[in-house]
Amino acid sequence: MIRNWDVQVQEQEPAFLLDLPLGVISKVDKIGGASSRGDVSYGLVCKDMRNLRFVYKPPEDSLQKSAFDVLTKFAFPNSNNLPLFAFEYDQVFPENGWKVYDALAEYKRQGLPNESWRISKVNDHYELCDSYPASLVVPVTITDEELRRVAAFRAKGRIPVLSWIHPESQAAVVRSSQPMSGVSGKRCKEDEKLLQAIMDANAQSHKLFIFDARPSVNAAANKMKGGGCESEDAYQNAELVFLDIHNIHVMRESLRKLREVVYPNIEDSHWLSNLESTHWLEHIKLILAGALRMADKVESGRTSVVVHCSDGWDRTAQLTSLTMIMLDAHYRTVTGFQTLIDKEWVSFGHRFQQRVGHGDQNHTDADRSPIFLQFIDCVWQMTQQFPAAFEFNEYFLITVLDHLYSCLFGTFLCNSEQQRVREELSKRTVSLWSLVNSQLEEFVNPLYVHYSSHVLLPSVSIRHLQLWLTYYIRWNPRMRPQEPVHQRYKELLAKRAELQKRVEELQRDVANRASVSSERAGSPTRSITPVQTFSWTGDGPGREWSRRWLRRPCTRVQSATSATRLKSSRRDSSCASFKLGEKVMFWFILQECRIAHPIVKCTYCRTEFQQESKTNTICKKCAQNVKQFGTPKPCQYCNIIAAFIGTKCQRCTNSEKKYGPPQTCEQCKQQCAFDRKEEGRRKVDGKLLCWLCTLSYRRVLQKTKEQRKGLGSSHSNASSLSDKEHQRHQHRHSSSHHKLTGSLSPEQEQRLWEQSHKSSSIQKETPKKKPKLELKPTNGDSSSITQSMDSGGTDNFILISQLKEEVMSLKRLLQQRDQTILEKDRKLTELKADFQYQESNMRLKMNNMEKAHKEAMEQQQAKNRELMKQVAALSKGKKLDRSSGSLLLP
């Protein structure tokens, strides 16, 4: 059945249903002629990796149109002067997706406008640039007239404008198109002033990085067409970096090869080699690596970046979007990701109509390319490395890609904001976000944990990237069908909601008990025995404390003496419990402080300091020196990056003045150790060590002493612990028993005697059992509560504190190692990129040198030929002179 927006094919045996949106179809082919039975075969090439073929028996009535004509008519409405189905789709959703993105509200969330940036209305009627949005953020010092002159110098009028600004350092991510410098190297003073203003808006850096997404060879080729790239001579304090991401034609060819590998047959024996031949993952790696370098410059280097490709609407959108996802946790939420797509892709003029080919029959159009698909693939790669950092799940990404081609919604129609306003898409069509936000439970990641200030720096090594099988191979008929992942997500979300509901019920129960206890506290006929109990769940900052006041009516006293003893015993037990609770509370507060403000090493001078915030990586002294002298250089002696003045750090300068020139360290073998005579060698067992090796040696020595001390104390305590505890328990039990016997009834006395003997027998049988983590009162009298708390409470919490400290130290060590591995991967990626860049430059230089050498050789050969001709002419003239002379002689 063919409708005006989809094709449905259904079979009873075996059960089969195909529902294919017509917008997904890229090409319709007739395969062969009619068979002997009158059947006709059709082939459908789809944009979502499917290639379908079905057999159709045409109707006998010749007046009815064939399936081929109907398919061609509705699958390509633009080629047949028909409207897209999105203009006829009238489904009503409770949420209006067109209200998700508001440009002014998004800029306000980023803290814009401010003293350095303003929102310009120079493009309010799309006169400056027809592919840019109406609201643009530019530096305050640049006027609208200067922006018009810059637009004449930039390709398609796409001037440098702000996409995102760092909330702390004010480093900015700016996007634009290539400058039209051409072969002659044209310059524009207003454009240079604009980039200088972008750099000046960030007070923490006096440098600007310009990232050109293209390979350097492509940028040089564009100069022949009038384009080009920025010259470091013209733009002061700017550094140009090429990211070597290929153009849309290379990406289209790579996707074509990938489609042949994954559908309809998969060769297991050549799977890896076939996948490598497509170069798809290599392109994904280059895009992620470029975004990672930009994010690192903004976050760690606190430097503003400008990024562009040729026209600034393909590779530029990929890089800015991925950089913003890495730096800003807001864009990792469902609403934030929708805002990101509407802002960086839809509003800033990615040409969806041309790149996807909505309703166009020309499937060989050279403008088609999977640019947006690559962006979603990169986001999926990040979700695999950080599964708890994104609020949305994989099903959400697949849904976005499915409706990129379906033409059911108006979100991805047209090429620019100007065209969407002219076509009134917000009134005539439905937004995709209306569907998503109305069924939000389908797209939420149950593992999501919100961290507002976390920066994601993914590994871009090819060994950490993988093919997105759930999307690219989901239609392969030989793949075994599996349970949809989003169904599992829904089950996990339901389970989490159930557990949260249970937690709320328990909290209400605790609150009710507290209110009942407070009412009992106001009654004069009841005495109150406060017992404070603590329980916690989880590790680290996620601890939840619960305090509970257990109040019990006082037992009737039979004499004044017994009543006095009972009151005194309760008062003692209360004081002991409060002291113990205060100690435990203080210990956990101390642990929270250690987690929130850990002691770290300064990035520059390597001294330890207490970190006030996660972004603070240098000590206060180095921060002052950076403001005064700028970024330090490596010291020529110790190689520590702390040389703010000259080539030596302050520590090595002072040591050289005091102890003379440096000598070779016995540990690291570098010439950075100063001979402190007996004063310093005595502290490191007579060795000559540098400052860093001395610190490492002391740290290892201190750790060894603590381990020896812990082993000795554990052996001594293990032998006498059971006897001491048993004696102490017996003594307390007997004293409390004698104090309370005068005031308890015979039944209570018998019960107390049985409980005390039962607990003592348990202690004799299991003397090495670890103490419980929670302190809870028994159902007996206050004497049993006091007895259970005094039977090793302090020892228990000392043991707990030691174990907790060991766990925290191991976690910190693991985090440091993970960070080191990520840092090494990042450096390797940068080194490889630099190597590729240098290699391409060397090849270009070699080609130029070879070309110049050939030209010089040709010139020399031409000169030689001319000289040979002259020599021949001269020799011929001499011969003629001689012959004429001989004839004149008599």
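Note that Cβ sites are derived from N, Cα and C of the backbone, with glycine treated the same way.
TrEMBL labels come from automatic prediction, so no person has curated them.
Taking TrEMBL as the reference, the stretch among 174-193, 514-533, 554-573 described by the feature region 'Disordered' is residues 514-533. Sorting the domain 'Tyrosine specific protein phosphatases' (278-325) by DSSP state (H, G, I as helix; E, B as strand; all else coil) yields 32 helix, 5 strand, 11 coil. Computed over the coiled coil (800-877), the whole-number mean pLDDT of the model equals 83. Per the record's binding annotation for substrate, residues Asn222, Lys223, Met224, Lys225, Asn247, Ile248, Cys309, Ser310, Asp311, Gly312, Trp313, Asp314, Arg315 show a top Cα-Cα distance of 21 Å.
For Asp311 (substrate binding site), the same-chain residues 6+ apart in sequence whose C-beta sits under 8 angstroms from its C-beta are Ala155, Lys156, Arg158, Ser177, Gln178. All protein chains considered, the CB of Cys309 (substrate binding site) has 28 other CB atoms within 10 Å.
Looking only at the binding-site residues Asn222, Asn247, the densest Cβ neighbourhood within 10 Å occurs at Asn222.
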